[in-house]
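What follows is one structure encoded as structure tokens, with my remarks underneath.
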Amino acid sequence: MALSAGSGFLSSLLLLICLSEALLPGVGAQHCVWHGECGQSIKVPEKKYNCRYTGPPVPLEPDGYQLLTELCPGLDYDNRSLCCDAAQLRTLKGSLELPLQFLSRCPACFFNLMTLFCELTCSPRQSLFVNATKFNASNVVEVQYYIGQTFTNAMYNACKDVQAPSSNVPALSLLCGKDAKACNATNWIQYMFSTDNGQTPFPIIPIFSDDPVSGFTPMDNQTFGCTEGLEDGSGPCSCQDCSKACGPKPQPPPLPPPWTILGMDAMVVIMWIAYVAFLLVFAGAVVGVWCYRKRTIMSEYGPILDSNNPLSLNGDDPGQANASCCETLGERFESALRSLFSSWGSFCVRRPLPVILGSLALVAASSAGLVYMRITTDPVELWSAASSQARQEKDYFDSHFGPFFRSTQLIITTTLNDPFMYSPYLGGSDVPFTSVLGKEVLHQVLDLQLAIEGLVATYEGEDVTLKDVCLAPLAPYNNNCTILSVLNYFQNSHAMLDHEIGDGFWVYADFHSHFLYCVSAPASLNDTTMLHDPCLGTFGGPVFPWLALGGYDETNYNNATALVITFPLNNYLNDSVREGKALAWEKEFIGFMKNFSNPNLTVAFSAERSVEDEINRESDSDISTIVISYAIMFLYISLALGHIQSFRRILVDSKISLGIAGILIVLTSVSSSLGIFSYAGVPLTLIVIEVIPFLVLAVGVDNIFIIVQTYQRDERMPQEELHQQIGRILGDIAPSLFLSSFSETVAFFLGALSSMPAVRTFSLFAGLAVFIDFLLQISCFVSLLGLDARRQEGNRPDIFCCAKLPATQETRTEGFLFRFFKKAYAPFVLKEWVRPVVVAVFVGMLSFSIATVNKVEIGLDQKLSMPDDSYVLQYFEKLSQFLHTGAPVYFVVEDGLNYSSPDGQNAVCGGVGCNNDSLVQQVYSASLISNYTTIAYTPSSWLDDYFDWVKPQSTCCRYYNSSGEFCNASVVNPSCVSCRPLTPSGKQRPEGEDFMHFLPMFLSDNPNAKCGKGGHAAYATAVDLYPNNTGVGATYFMTYHTILKESADYIDALRMARVLAGNISQAMGHRVFAYSVFYVFYEQYLTIAHDTALNLGVSLAAIFVVTAVLLGFELWSALLVCVTIAMILVNMFGVMWLWGISLNAVSLVNLVMSVGISVEFCSHIVRAFSVSVKKNRVERAQEALAHMGSSVFSGITLTKFGGILILALSKSQIFQVFYFRMYLAIVLLGAAHGLVFLPVLLSYVGPSVNRAKVFAANQRFSGTERERLLNY
């Protein structure tokens, strides 16, 4: 009975097991669900379904052994009994070609991925986790794949950081069907198993679980993390491809806190304290001296710290003047100059014809050099010295890789306000689209783009089209132009833009879905929607969304509010013909765009030539403004030189002809300077042409007024002839003219030591022009003055000098301005109570300016260089408003690195086995803190892509077995064999001869559906190969800067890129430099503060030395001149801060010029003070101000004031800011310091009178009429 019961239980159990095997196939013995390939797939016609097969695993055919070892080495054991055959392995390899190329950079990632597919396709345990759910005859048309969630997550974590070096995007962006940020462990696998990806012939439905489901045990094979090495010896993934291998994310250093005191700007606080302290000390000193004078009952006012009163010329005992050695030496030097210039002046008046003709001959000979004149408008030549680091690096880059391409760009917005919502057919959140991405707008933009492509220009009678000048990276295989535009996602075709898949009721896929896919995977050969349209541009390369769209937030490109279309044109080195064609096409483009009109589109545009064209147009338009400005100054000079004694003598006393002659002398000095340097081959710049006439006119006219007005105020001594009188006058004033002119000349010539071409060129031309002007004034102009004096004495009218008017009684009177300075202004300024106020005000101005010096911005806003009505201004505005990515930056590895050696490779690459501080790795790390480093993306690395391309597992590197020639992956030919064997050594990186053997093939390979790693498009110009491909010379690794809007951004980007390049060079032991197209323009700003201090300091030192010598070795006088000029310069910085004028080459030229003009304002006053023999400093300052102040005021201040005001009417912003504002400040500050502050300063601390000069004057004029005249 018991036996019978037991037998029944066993029978029931056996029946249950049998039923289970029938109903739940996964629970039974391990077997296959398919084997071999059968019918053609409906979804992917070029592929086949797998054949239904539920038997045990089948031994693999021998012709599949190599494929099994290559793809699924984990299944290569025993008799290789599998659930797949060789045909299925070949299909698997074809399906995984692109993932292999992009993910094999990280061995762990690729191993896990291959495990997923190998277990599905071939595993002898297939029935445990694969359930065939649909069949069509003998075809398996749908399966379920049970995958462990732990395995899924581990595979995704190992792959999520892997980069695609050629496109600077995560590899999953190309392999997940969406942006890498939206990709996760499950939707990645779902996408790979979906028929929508164009690779999967039938649906594979993944089911994720770590626990058995419906009797199936999920596949949960061993995985490797990206930080782990594999059993075959492969190392862990690099930091670039595995964030866990990087350690903590780099952190930028904290910004230095602002320098404050009690929460306020430190400089402001310090200068306030210093100013208040000065006022207290100064006020105490003034009050103390006043009390001392009152107590001692002084009969007349004496200045602070006054020395013993000098001897009067009327003194009883002049022999008691005990002059020091320096005073005696100074007097003798003064006497020598007076004697020299007196003799010369007398000669010029006696022999006017030879002097004038000789001057004309020298001027003509010098000016003849203008036929060799060459004006430099090339911005590189203007702003960057040939010896500068940026210029040398640019030349190196151009010579090895070719010059940076010319950019023609449009930024397009729409006036429509019609945003819309896109609802994906396959589900998911609705996606908002902006108006500019509406289909109708895109069609209109495409019409514009195609019209531009069709433009035809003419160059020397030859038609020039876009294809003649554009950048075509795949030429000659693909001659399509590079056009960076979202329309290239649609192959620049209206039909492709309209392409959609639907059934009349629903639209499954259209331009919305294609756009969303392409912006997430721009390097994809086709999208994964039902459209299967390519994303790669017609030129064979990707269009990155950050280059073709603007105004979006983060990576939400569907929110873009602007379209950016860029036409890169080839740039040519030393090829004027092809460059001329590019310029001609750009000119045609600009003309077309100026006439383009569309009510729905707002287009800002620019070409490479636009900035230079607009600057030239600006210069042409400002000619009328400049002419009017100079005409006003010329008219004033001509009228103001004459001293009209009475209305009846107006024709005789006017000096219009002499004024015109003086102006012509100024202009000829400029032309002579230009001519002499043109002989020497020194090119001119627009700054020279615009600024030097202004400078020389200021200096020259001042000298003219001093000469003429001194003559007008002088009385001829008895028995003195005209030539003797003018000679004597010239002997008195020429040393002062020589002092100012020579000190300016030396200062300017020393300014030519500057490394900035604009400053150096200006200084050279200005120094020579000022000195030539001085020579012509003391020769030619003095002769003309003598002729004019004879005309006036002969009672002949000005201009019409052949006529003679009736003789009238001439009464010599003093001019109004001289009387005003002598009787009113000078006494007022030097009043006892006025002088302290003047000192307090000017020291206050100085303190304020010192506090603002470090706040003056550095750089030149490029918008300022454009006219007010320029189309480029709109482009600059849109550029700053919408663009999200800055200029490309290239990290150039100079020639000499051995790329064939492991050490050389590891120092550069970013993949497995590369150094943690390699070039690619350091740039990648910098991109992680882009807000600090300004490096936006991981660099494209030709070396890493070459390693992926040459791997034996890849189908990229093949050659014809018969000829050894390269065989493209798209070629189907049995004679094409893999470049490297599938052996452990073959899987390693190529070294030595192997490296150079296959590299040229890589650089000539065009990307295609079988191989996306071909290097021709991305790297053809990135590697400079030695002749006959014997080695690798210079190479570059490209990335992008973050968006740069202001000058400070560009300067910071240059600085940070150089710091990074320096760190890379140090780590590699080989020079690497960073290069971008704008570096050559902004390098000057890295050192401009130092250059400014050096230039101005050297100029002041030169003025001090020259002034000290020419004043007769009076060091204190020279120091006071330099102090006053330094105050003017510091106050100029205060004005620059107040008026928003930045420090750059243009403003530095103006500052150097202001040194020269300030000398005119100061040196004449100081010299007049030093030669005065009045009793005390106040009287000497009053005499100097009265005699020289009026000439300086009328000669510089009034002359310049009218002309400067006209500059405010200029259309040019650069004229309004850097010329009107700075010139006005120079003249006003110069006049204020020279005519107000300096006399007061001299009255307090001016040098004591030179006793030797007093004694000499006493001896020279004793007993003559001149003695009376000296006691004014």
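Every residue, even glycine, has its Cβ placed from backbone N, Cα and C.
Keep in mind that TrEMBL annotations are predicted by a computer and have not been checked by a curator.
Annotated features in TrEMBL:
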type     : residues  : note
DOMAIN   : 622-787   : domain 'SSD'
SIGNAL   : 1-29      : signal peptide
TRANSMEM : 269-292   : transmembrane segment
TRANSMEM : 353-373   : transmembrane segment
TRANSMEM : 623-644   : transmembrane segment
TRANSMEM : 656-680   : transmembrane segment
TRANSMEM : 686-708   : transmembrane segment
TRANSMEM : 729-750   : transmembrane segment
TRANSMEM : 762-787   : transmembrane segment
TRANSMEM : 1093-1111 : transmembrane segment
TRANSMEM : 1118-1139 : transmembrane segment
TRANSMEM : 1145-1163 : transmembrane segment
TRANSMEM : 1184-1210 : transmembrane segment
TRANSMEM : 1222-1245 : transmembrane segment
Within the predicted model, mean pLDDT of the domain 'SSD' (622-787): 79
Feature contact check the transmembrane segment (1145-1163) with the transmembrane segment (686-708), CB under 8 Å, 3 or more pairs: yes
Interface check, the transmembrane segment (1093-1111) with the transmembrane segment (1145-1163), three or more C-beta pairs under 8 A: yes
Cβ-based contact of the transmembrane segment (1222-1245) with the transmembrane segment (269-292), 3 or more pairs under 8 Å: no
Surrounding residues of the transmembrane segment (353-373) on its own chain - C-beta under 8 Å, 6+ positions past either end: 347, 668, 671-679, 681, 684, 772, 776, 779-780, 782-784
